[in-house]
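Participant: Dumping the structure here so I can ask a few things about it.
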Amino acid sequence: MTAASSSAPTLGIIRLEHAKGLDLPAYETAGSAGMDLRAAVAEDRQIVLLPGRRTLVPTGLILEIPQGYEVQIRPRSGLAFKNGITCLNTPGTIDSDYRGEVKVLLINLGDDDFRIERGMRIAQAVFAPVIQPKIEERAKISETARGAGGFGSTGTA
């Protein structure tokens, strides 16, 4: 785990009752971009995610994100590679003015049932700046060498 610099913005966190005893989001290494989020399911329950199905997993956390920032919810690569478990709506955006519980929308793209247990690391949260540009409607935009080419137009090799 790493310590934030004194000039870093503060991410306020309320831990709800069903998340008591779970670790708060934390950076696992000095170079980590994302903090792991944990499943706040009841101790005596688990969520069984069937192949091809999706579910909303509670984290038991409410975030107070400073204006000018967002928190992005992203998949954990190990869950995706080993089990076919990933986040839908990726990256999910938690806006600075949202004050509800953070939940993670997971889908099982694997072949087997997947059990989500209390405290399991289910996703990553990435704290990121937000820039809101001025919107200006135009009749024309500048030309580029690429033009309107997309979806493989630059090749696949």
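Heads up, the Cβ atoms here are built off N, Cα and C, so glycines get one too.
I grabbed these lines from Swiss-Prot:
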BINDING   R76, S77, G78, N89, T93, I94, D95, K103  substrate binding site
Participant: Determine, from DSSP, whether R76 (substrate binding site) sits in helix, strand or coil.
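Facilitator: In the DSSP reduction, R76 (substrate binding site) maps to coil.
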Participant: Counting only residues 6+ apart in the same chain, whose Cβ is under 8 Å from the Cβ of R76 (substrate binding site)?
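Facilitator: For R76 (substrate binding site), the qualifying residues are D36, R121, I122, A123, Q124.
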Participant: Taking only same-chain residues 6+ apart in sequence, whose CB is under 8 Å from that of N89 (substrate binding site), what do you get?
Facilitator: L105
Participant: When you measure from the Cβ of T93 (substrate binding site), how many other Cβ atoms are you left with inside 10 Å?
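Facilitator: Taking all protein chains shown, T93 (substrate binding site) has 12 Cβ neighbours within 10 Å.
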Participant: Tell me whether T93 (substrate binding site) sits in a helix, a strand or coil according to DSSP.
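Facilitator: T93 (substrate binding site) sits in a strand per DSSP.
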